Amino acid sequence: MYGIEYTTILIFLISVILLNYILKSVTRIMDYIIYRSLLITVALFALTRAQNYGLNLPITGSMDTIYANSTREGIFLTSTLCLYYPTEASTQISDGEWKDSLSQMFLTKGWPTGSVYFKEYSSIVDFSVDPQLYCDYNLVLMKYDQNLELDMSELADLILNEWLCNPMDITLYYYQQSGESNKWISMGSSCTVKVCPLNTQTLGIGCRTTNVDSFEMVAENEKLAIVDVVDGINHKINLTTTTCTIRNCKKLGPRENVAVIQVGGSNVLDITADPTTNPQTERMMRVNWKRWWQVFYTIVDYINQIVQVMSKRSRSLNSAAFYYRV
C-alpha cells in the first residue's frame, strides 16, 4: 500500500518537473521567435525609412547638367535653405526689398515663403571663425579673391567636411599626426602656430625645444588655420593661446548638406590637402557673373539641381561643431 502511494507521489513529482521543463522550453522558444520577429521588423523599418544621403557627384563649374534626384519628392515643403552671402552683395544691390523679391522667385521653384533664409557675413576671414550652418541645406557664396585663395580653400575644407576634434594641451604634451585625415585646426582672432619636430630622443630636428624663435612657423596671424605636418613624428607646438585655440581633428567624411558656390575665378578651388590626388570639388560650384543680381538669379534657376547633389541632414553646425561630431 505504501509502495503504491510512494510510486504515485514519485510519478506526480516527475510529472511536475517534466511539465516545468516543457514550459521553460516553450517559453525560450517563444522568446526566441518574438525577439527574432521584433529584430526583423525593426531592421525592415530602418531600411524603409532610412535617410537617403544622395551621391557625391563632382561639380566642375558647370551647372547646366541634369543630375539624378537623390532627394525625396516634395522635400522642399518641409526643408529649409540658408543662403550665405558677403556684405558686398547687399551693398551692390542697394535695394531694401531684394530678399523679398528673391523669396518670391524661390517660390516659383517650389520653395515656400519662409523656407529660405538669407545670412550675411562681412568677410571670408570673419566667416571662417564663426560659421553658423543651421538649415537643412546650406549654400555659401564666396567671391573669388586671388589674395584670399588659401583662406577660401581652408574654409571650404572646414565646412564641406565633418570633423571629430579633441582639445590639445600643448604645454604638457607633444603631438603627432597619424595620417592624411588627421589635422590640427586652429581658430581665433589671431593665430600664429609654430612647430618643432622631434626625433626619437625628443630632441628638436632643425630647432631647439627651449627656443621658440627656432621653431618652424606654419601659420601667422590667421583666423583659421588647418595645420598639416609630417605624419608619425612628435611635434612641440607653440601657439598664441590668448587669441587662439587649437584642436586635434580627424576628418570623418563629407558634410553633404553644405555646398560652396565660388563667384568668379578661372577654376573651382581645389581643397585637397594631398597633392597626389585628383582635385576635391564635390559640392564646389562656380558662377562667373560680375553683378550680384546675376549671381542670385542663376542660383534661383539652378537651386533644385544644386540641392539634388546634396543630402538633407538634421545636424546643425556652428563654431563649436568643428570640435565635435554633431
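Each residue, glycine too, has its Cβ placed from N, Cα and C.
Swiss-Prot names the disulfide partner of CYS249 among CYS135, CYS165, CYS191 as CYS165. Of the residues GLN104, GLN132, GLN146, GLN177, Swiss-Prot puts just one in the Ca(2+) 2 site with ASP228, VAL229, ASP231, ASP301: GLN177. In Swiss-Prot, CYS244 is paired through a disulphide bond with CYS191, chosen from CYS191, CYS196, CYS207. Of the listed cysteines CYS135, CYS196, Swiss-Prot assigns the disulfide bond with CYS207 to CYS196. Cα of CYS249 (disulfide bond) to Cα of GLN177 (Ca(2+) 2 binding site): a span of 9 Å. DSSP assigns SER214 (Ca(2+) 1 binding site) to a helical segment in the three-state reduction.
When the binding-site residues ASP95, GLN177, GLU216, ASP228, ASP301 are compared by Cα distance to CYS82 (disulfide bond), the shortest distance belongs to ASP301. Proximity note: of the listed recorded positions (ASP95, CYS191, CYS207, CYS244), none has a CA within 10 Å of the CA of ASP301 (Ca(2+) 2 binding site).
Note on proximity: of the recorded positions CYS165, CYS207, GLU216, ASP228, the one nearest ASN238 (N-linked glycosylation site) is GLU216, by Cα distance. The recorded positions listed here (ASP95, CYS165, GLN177, ASP228, ASP231, CYS244) include no residue with a Cα within 10 A of the Cα of CYS196 (disulfide bond).
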